[in-house]
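Q: Taken from TrEMBL, the feature domain 'PAS' applies to 1-42, 94-164, 216-286, 338-408. Annotation source TrEMBL lists domain 'PAC' at 45-97, 167-219, 289-341, 411-463. Annotation source TrEMBL lists domain 'Histidine kinase' at 474-694.
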Amino acid sequence: GGAAKMFGYTAQESIGKNISFLAPPEMQDEMPKLLERVKAGEVIADYDTVRVRKDGSRIDIALSISPIQTEDGTIIGASLVKRDITLSKAAEESMRQTQLIVENSYDAIIGETLDAIITGWNGGAAKMFGYTAQESIGKNISFLAPPEMQDEMPKLLERIKAGEVIADYDTVRVRKDGSRIAVALSISPIKTEDGAIIGASLVKRDITLRKGAEESMRQIQLIVEESHDAIIGKTLDGIITSWNGGAVKMFGYSPSEVIGKPMTNLFTPELKDELPRLLEKVRRGEVIADYDSIWLREDGTQANVEFSISPVHTEDGTIIGASLVGRDITLRKKSEESLRQTQLIVENSYDAIIGETLDGIITTWNRGAVKMFGYSPEEAIGKPVIFLLPLEIQNEVSTLLNKIKEGEAIADYDSVRVRKDGVQIDIALSISPIKTEDGTIIGASIVERDITARKKSDRQIKELNEVRSKFISIMSHQLRTPLTVVNWNLESVLDGDFGKLDDTVQKFLLATHKSSVEITHRIHDLLTAIDIEEGRIVFEKDEVALDSIAAAVMNEITKRSELKNIACEYIAPEGDLPTIEGDGEKIRAAINKMMENAIIYTKENGKIIARLERKGDKVRFEVKDSGVGIPTPEQHRVFTRFFRASNATVMQPDSFGLGLFIAKSFIEQHEGTIGFESKEGEGSTFWFEIPMKLAHS
């Protein structure tokens, strides 16, 4: 019955046939060979072969053949036992395929006990970690973990014992060569047929490259987020999909305010009309570079933005969106406009503005230079600038350029140049170094102004001044000599050398003598002012007791102040004042001029306070009066020649106005400073400070 079930033939269909009818065509000689072995008395056991069923299907069988013997041992036949092993063969093939898959897997597949002892180690594990199966099987799997992670596998195995499956667990393992690799770990429990957990199956995948890619992506995301530029993602319909920190800073909107909204919300009307055309180019795969436009910030202000748009592709090349990188160029645009304005100013300047290299070669030549010298830019650019100079001063160029190379700027340098027509002109020259952003000097900028007319006028004025000064000097000297005689004679008469005078005559002669002395003083001031202008003042350097000089002047001035009922107070320095270096007569004259002014412009019953004191390494003298003061609009002219305030003529109608000019000159000769504070109608305070030790020898 078993044979009938196995092969589908009944006993009637089978008995009497050669048994080879069950063998496939290619195995027809198999049974004769086996029977020869049986005839020899051999027993054949578990011989795997193939037979064909009645329906034509093939089955795997295990064949056992034993000889049938008579009592005397004669072999008269054979007994065959056939067992259908088709299912077990399929199972074996499945197992073999599984083993091949495991062994040849790129991933490391490792078997281990619940005590973490390795029981299986495939080729992927050998490649991944560098250990052979012989080196690994029998070891605790924690030998692959770094020192700081030795407790990791025991904890994971505890979860496996509880029946948990662990998937995609990222960790780190150590290869045989000591290098570390990132792995994604999956662990499954190994169970018996009755469900008992007896071990664990580990699949480890090397994700070092993936981790590197993830880190690279993270770095890219950080770079994008921290970029100063606005980096914006958008769909091909112009909807914003990403918005970095640079965009936040540039436009003022947070990501939540703009993502999902149209880009056109940021655009001026002109750019809104342009966007569809730009996006159409992106759809075709074009890159739009360096496109200038005006965008709107959150606060309503406008920003000049230079942007580029690139298509965003999927792995298969499909364009799914656009990446926009924008840079705020508002300041650059302003700089460019400023530069354009500067270029217009330079080009249209009346002055000649010329650029040159440090070797003196002309690089730029504006219209002012064309008008001044007569040469066109084509005729001048590329030539050495010395072609504009007369032969006798051509070494001037190298001298000036050496100063420029040192970073020095030269201002108001008077020189001479030669026009194209050969005419020489006077010029005022200013030269500045041209520097790169890092401060390197690469050339020079020259501004030249034609001062020929001014020079001619200056010469004429100088000649007139010389004539005037000579005339005043001659007249003053010619007047001073007879005035000296007049004064001497008047003093002799007043002293009684020619007899006693009656009161009327004496008053008349005193008034005459006073006027004569005043004229003499004015002539002296006039000559002193001329000497100052022409640099003829001689400066004596001695040890000067300034407190003695001030006291002497105050003694004389006090007598004069009493005649006008002016209270004159002098506050002397506390203790002894050190001597200073200087010209005592000139300091005395300066103090005297300041005190005389105070008396002249202080009304009767007024008050004057003078003070001398030490201030650090300087000595300060000041005089404060309750006089008429100086009108504010006129105060800038106080120390100029012949200055008289508009309200001064009431007090002294016929003064020259030279006293403060002379005082200022004498104080500045001592390296000092002089100044004042004044309020009209309330009075003035004049002061000077001079160092106790002069810097020059």
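Every residue gets a Cβ built from N, Cα and C, even glycine.
TrEMBL annotations: computationally assigned, not manually curated.
Are these features on the surface or tucked inside, and what are their neighbours?
A: When averaged over the domain 'PAS' (1-42), pLDDT in the model lands at 86.
Note on the domain 'PAS' (94-164): DSSP counts are 39 helix, 12 strand, 20 coil.
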Q: Can you break down the domain 'PAC' (411-463) into helix, strand and coil residue counts using DSSP?
A: 12 helix, 30 strand, 11 coil
